[in-house]
Every structure is written in C-alpha cells, then in structure tokens.
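Trainee: I grabbed these lines from Swiss-Prot:
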- 6-26: transmembrane segment (TRANSMEM)
- 40-60: transmembrane segment (TRANSMEM)
- 74-94: transmembrane segment (TRANSMEM)
- 114-134: transmembrane segment (TRANSMEM)
- 143-163: transmembrane segment (TRANSMEM)
- 193-213: transmembrane segment (TRANSMEM)
- 229-249: transmembrane segment (TRANSMEM)
- 290-310: transmembrane segment (TRANSMEM)
- 326-346: transmembrane segment (TRANSMEM)
- 350-370: transmembrane segment (TRANSMEM)
- 382-402: transmembrane segment (TRANSMEM)
- 417-437: transmembrane segment (TRANSMEM)
Amino acid sequence: MNKNTWVIGFTLFAMFFGAGNLIFPPNLGLDSGQFFWPAILAFVLTGIGLPLLGVIVGALDKEGYIGALNKISPKFSILFLIIIYLTIGPLFAIPRTASTSFEMTITPIIHSNSSIALFIFTIIYFIVVLYICLNPSKLIDRIGSLLTPLLLITILAMIIKGYLDFSGNSAGKGNEALYHSNFSSFAEGFTQGYLTMDAIAAIAFSMIVVNAVKLTGITKTNQIFKQTLTAGLIAAVALIFIYISLGYIGNHMPVSDMTLDQLKSKDRNIGTYLLTTMASTGFGSFGKYLLGIIVALACLTTACGLIVAVSEYFHRIVPKVSYKAFVLVFILMSFIIANQGLNAVISMSIPVLSIVYPVAITVVLLILIAKFIPTKRISQQIPVIIVFILSIFSVISKLGWLKINFIESLPLRAYSLEWFPVAIIATILGYLVGIFVKQDPIKYQQE
C-alpha cells in the first residue's frame with residue numbers, strides 16, 4: 001500500500017465526515033443505554049457499510065456510475081444522477097455545511113444568529129471552498145494531506161479527553177421505549193445508520209476516488225477497483241473508530257431527565273448538546289473553539305468534495321461549459337441558499353431524498369449482483385421501477401397527503417425500510433422475466 005492510497009483514503013474519510021456524523025453517534029450512545037453495543041454495531045453496518053459499498057461498486061465500470069447506470073437506461077442515468085447531485089449538492093447539503101459551521105463556530109462566540117454575521121462568514125467560507133475546488137487534481141492533496149490530519153488531530157484530542165472524563169461513569173438507562181432488547185437496539189441502530197443517507201453521497205464521491213486513483217497512473221479496471229476498495233477501507237476504519245468512540249462517550253455521559261426535557265422543549269439537538277458538554281468539560285472555555293474547529297473542518301471537507309463531484313459530473317454531460325464555470329455557479333447557488341430560506345429547502349429536499357435513497361441502494365446492489373450473476377437489462381429495470389414507484393407512494397403516505405393502507409401495512413414500515421422486501425421480490429421477478437426476454441447479459445466496461 002503506497003502513500004497515495006493512504007491520502008485518497010483519508011480524503012474520502014474527510015468528505016464523508018460532516019457535522020451530522022459528529023452528532024449522531026453520541027446521541028445514539030445516550031439513547032441506547034444498556035444496549036449500546038448492538039445499537040452502535042448496527043449503526044456502523046448501515047452508516048458506514050452502505051457508503052463503503054457505494055464507493056467500491058462505482059469502480060466496477062471504467063465509466064463509474066455513469067457507465068453502470070447507462071446499462072439500465074441512458075435517460076434514467078442522466079435524470080437519476082442530476083437529481084442526486086443537485087439534491088446533495090447546491091440545493092441542500094452544501095448550503096447546510098455553511099450554516100452548520102456558522103451555528104457551531106461563530107454563534108457561540110457572538111451569542112447571536114445575526115444575518116450580517118452569517119453573510120460575512122459564508123463569503124469567507126465559500127472563498128475557501130472555491131480556492132480548494134478550482135483545481136480538482138489538487139483536491140486530494142489539499143484535503144488528504146492538510147485538512148484531514150488537522151481534523152483527525154482535533155477529533156482525537158476531544159475523544160481522548162472525553163473518554164478520560166466520562167468512561168468511569170456507568171451507562172445511563174437510555175430510551176427504554178426504543179432500546180429494550182438486543183434485537184430492538186440492533187434494529188434501531190440499523191435504521192439510524194441507514195437514515196444518515198450517506199450512501200447517496202457515496203455515488204458522488206466514488207467518481208472523485210476513481211479519478212484520483214487514475215491520476216496515480218493506474219489504468220486497468222481491476223487495479224482501480226482494488227485501490228478504490230483499499231482507500232474505502234481506510235476511510236471506513238477511521239469512521240468506525242470515531243463513531244464507536246463518540247458513541248461510547250455519549251453512552252456514559254450523565255444527562256438528567258430534566259435536562260433532556262428542557263432540551264426537547266427548546267427544540268435543541270441533543271447530539272449537539274452532548275458534543276458541547278464533552279468539549280467544555282474537557283477543555284473549559286477553549287472547548288467551544290476546539291469543537292468549532294472540528295465542525296468547520298468537517299463541513300469544509302464535505303462541501304469541497306460535493307462541489308467537485310457535482311461540477312465534474314455536469315461538465316461531463318455539458319462539456320461546452322467549463323468545470324470552473326460550474327464550480328462558480330454551484331458555489332454561488334449554495335451561498336445564496338445558505339443565507340436565505342435554508343429551512344424551506346431542507347423541508348423540500350428530505351422528501352426527494354426519501355424517494356431517491358431506496359432507489360440508490362437498490363441500484364448499487366443490482367450493479368453488484370450483475371458483476372457476479374449474468375443479468376439482463378430488463379432484470380435491473382423492473383426492480384428499479386417498482387422501488388421508485390413504491391418510494392413515491394411511501395413519501396406521500398408519510399407526509400399525510402394521502403393515507404395508503406397498503407404502504408402502512410408493509411413489513412419494516414416502522415423502520416422506513418418497507419421498500420427492502422419489495423426490492424427483493426422485484427429483483428427475483430426481474431430475473432424470472434429476464435429468462436423469457438432476448439437480451440445480452442450486462443457487461444461492465446473494462447480498460
């Protein structure tokens with residue numbers, strides 16, 4: 001394993017590790033109580049396992065997900081990827097990184113959510129993002145060699161001090177309504193990891209990783225796949241360590257029922273409260289600055305990864321517009337949304353993500369299956385169409401626009417996984433139909 005692979009792996013870790021990835025584990029640790037281990041292991045399985053799978057599957061075809069999705073349908077490939085890139089990019093995730101950075105770095109210092117302060121902060125924030133993203137070939141070096149080490153050092157400092165401060169406490173009782181047995185805790189952790197929706201970002205980041213591997217001089221598809229897998233495993237190990245560590249500390253932090261009730265009444269995020277408490281207990285008044293640095297670095301690396309991924313994709317489908325022009329357009333969009341109407345955008349984006357996410361996971365699994373089992377195009381199209389339609393009706397029913405009893409009665413509906421057994425049945429149906437349809441088996445392009 002060479003230095004380049006390590007740098008790519010750490011870059012991938014930094015791009016995945018956004019502010020939300022800091023907040024989820026300690027919150028899960030607190031809620032899981034005596035059933036911490038089944039909950040956190042299940043969280044790791046879906047919260048890290050699915051994104052890792054998403055990254056490495058993108059390396060099966062020399063054209064990445066563009067080539068793999070074209071095997072299902074070229075029109076579907078373009079539409080699906082445009083929706084994914086815009087939703088996790090300038091219309092949702094990138095503006096959120098800026099606003100989250102402001103709320104956790106500047107707001108605690110000025111004790112105000114000043115719109116002027118937010119405006120100034122986001123100008124500086126996106127200038128830095130612009131500088132890093134204008135040359136995508138240097139993204140890996142700038143993030144993997146500089147920003148990631150800073151991020152890891154600051155996180156490790158907080159984890160070590162947090163462990164020393166709180167590990168001596170016994171685990172709290174947790175949320176016994178959700179975590180009352182090994183099975184229920186595993187199921188809840190599985191669902192929470194799934195709901196991070198990082199698997200969608202994996203489709204975007206896969207292109208960056210594959211391109212970075214190619215820049216090292218590797219051209220054969222099987223070697224690209226191996227290097228992508230290795231880089232993905234490096235990122236996964238780092239994420240696993242941090243998730244379990246933060247979750248364990250959260251599991252041993254003493255938080256009274258009164259405090260929890262007060263936080264809920266003020267609509268404050270409990271995970272943010274736990275992180276703030278961890279930092280202030282360990283480092284006093286400096287703790288809020290340390291946490292601010294961690295959040296800013298985590299958000300910045302994620303924003304850079306998303307800007308590069310989105311811009312490269314749109315430049316690829318509209319080559320007449322330069323990559324740098326797309327970078328400027330998407331940064332400007334993100335800047336405007338970060339300062340105006342972010343809550344409205346989030347409320348609109350979540351239903352879209354809830355529709356796209358099951359389709360994305362289904363697509364990843366179908367591509368993986370087709371690598372090892374001869375698969376016809378119709379055999380992939382049928383489950384994708386069925387899962388897509390089901391996801392639309394699931395969101396409609398969940399939003400209360402129309403109560404659909406069939407959807408509500410599906411297995412795993414309580415865990416937002418009702419699409420999964422349907423996807424399995426649809427995949428079997430697709431393969432049965434494929435037996436009677438004259439099509440050549442799908443072959444992913446090799447060098």
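Yeah, the Cβs are placed from backbone N, Cα and C, and that goes for glycine too.
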Trainee: May I ask which of the stretches 40-60, 229-249, 290-310, 382-402, 417-437 has the most CB pairs under 8 A with the transmembrane segment (114-134)?
Mentor: 290-310
Trainee: Contact between the transmembrane segment (143-163) and the transmembrane segment (350-370) is defined here as three or more C-beta pairs under 8 Å separated by at least 6 residues; is that satisfied?
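Mentor: With fewer than 3 qualifying Cβ pairs, these stretches do not touch.
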Trainee: Counting only residues 6+ away from its ends, which parts of the chain sit with a Cβ under 8 Å from the transmembrane segment (6-26)?
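Mentor: Same-chain contacts beyond the ends: 40, 43, 47, 51, 55, 93, 97, 100-101, 104, 139-141, 143-145, 147-149, 151-152, 192, 196, 198, 201-202, 205, 208-209, 212-213, 227, 230-235, 238-239, 242-247, 249-250, 253, 269, 271-272, 274-275, 278, 294-295, 297-299, 301-302, 304-306.
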Trainee: Can you name the far-off residues of the same chain, 6+ from the ends of the transmembrane segment (229-249), with a Cβ under 8 Å from a Cβ of it?
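Mentor: For the transmembrane segment (229-249), the list is 1, 5-6, 8-10, 12-13, 16-17, 21-22, 24-26, 28-29, 32, 36, 39-40, 43-44, 47-49, 52, 55-56, 59, 152, 155, 159, 162-163, 166-167, 209, 213, 275, 278.
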Trainee: Within the same chain, where does the transmembrane segment (143-163) have neighbours whose Cβ lies under 8 angstroms from its own Cβ atoms, ignoring anything closer than 6 residues to its ends? I mean 6 or more beyond.
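Mentor: Non-local partners: 6-11, 13-15, 17, 132, 238, 242, 245-246, 248-249, 278-279, 281-283, 290-291, 293-294, 297-298, 300-301, 304-305.
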